[in-house]
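Some features that Swiss-Prot has for this protein:
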type	residues	note
REPEAT	13-106	repeat 'Solcar 1'
REPEAT	116-202	repeat 'Solcar 2'
REPEAT	214-309	repeat 'Solcar 3'
TRANSMEM	19-39	transmembrane segment
TRANSMEM	87-107	transmembrane segment
TRANSMEM	122-142	transmembrane segment
TRANSMEM	173-193	transmembrane segment
TRANSMEM	220-240	transmembrane segment
TRANSMEM	293-313	transmembrane segment
Amino acid sequence: MVGYDAKADARSNSKLEVAVAGSVSGFVTRALISPLDVIKIRFQLQLERVCPSDPNAKYHGILQAAKQILQEEGPRAFWKGHVPAQILSIGYGAVQFLAFEELTELLYQANLYQTHQFSAHFVCGGLSAGTATLTVHPVDVLRTRLAAQGEPKIYSNLREAIRTMYRTEGPFVFYKGLTPTVIAIFPYAGLQFSCYRSLKRAYDWIMPPDGKQTGNLKNLLCGCGSGVISKTLTYPLDLFKKRLQVRGFEHARSAFGQVRSYRGLLDLAQQVLQHEGTRGFFKGLSPSLMKAALSTGFMFFWYELFCNLFHCIRREDR
């Protein structure tokens, strides 16, 4: 179960088990959804409309983008930036789930958990994700840069990217986009965790277990649903984050169409509205929703699966 449960003390996992389950969950999920993530980032950074009617648009659909990336850059392009992405996912998963379990236990001990469970999961989910974000944000910037570049590559590998970015843009380059990231991640993760719990309860109400072992399917479906809800409600801030993370990297974006510079978050929002319209705030939403559904579904699925696995191993050792 995700979150503290006083009734399941015998099944509680240790802090190490929680961290490992979160890390493995992040690792497996990232490997599976990386192609969608690359397409999503390309859509978010494209200034032209993502539709076939715009002749200047490089990408105008998920299948078309996948085909074009495959033709121009080869199959490995779908895993561009995968090494920093995996470091990001492993570290993020460990910190997020460990912090979430600890925070929900603290709220329970303060007698604030049982009567406000949706709010408790929202706040704890947001705080745990914020903590994880501050920990791994530099890796997220590296991952975005590596995934965003076309051919010829500006950075041939992770080490060169770190060295070049530090030398040409200074140490603060690794925290570009941090403000919209933190602003976006709190409600996004909060909704992930709170909606996941609510959807699981709704699932049990609609389809009572009746002794059947349907937990894994339930975790996957409810995770997918919570991912779609949370991503839809917070998507514009994710787009802002990606645009700001490649600020100062415009020369590598010239092959993808128009290039525009932004002074900050407010200037970015104004320019998107002025030049791209309200639809500009939702560029890349389709692959993002697909990615959010799969990544959140897999995240909770694998996390609960490994927590249960650790419990079974401990029980057999007794």
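For all residues, glycine too, the Cβ spot is worked out from N, Cα and C.
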Subject >> Spatial neighbours of the transmembrane segment (122-142) far in sequence, C-beta under 8 Å, 6+ residues away >> reply: 3, 81, 84, 87-88, 91-93, 95-100, 103-104, 107, 158, 161-162, 165, 173-178, 181-182, 185-194, 245
Original post:
Same-chain Cβ contacts of the transmembrane segment (220-240) under 8 Å, 6 or more residues past its ends?
Top reply: 44, 177, 180-181, 183-184, 187-193, 195-196, 199-200, 203, 265, 268-269, 272, 281-285, 288-289, 292-301
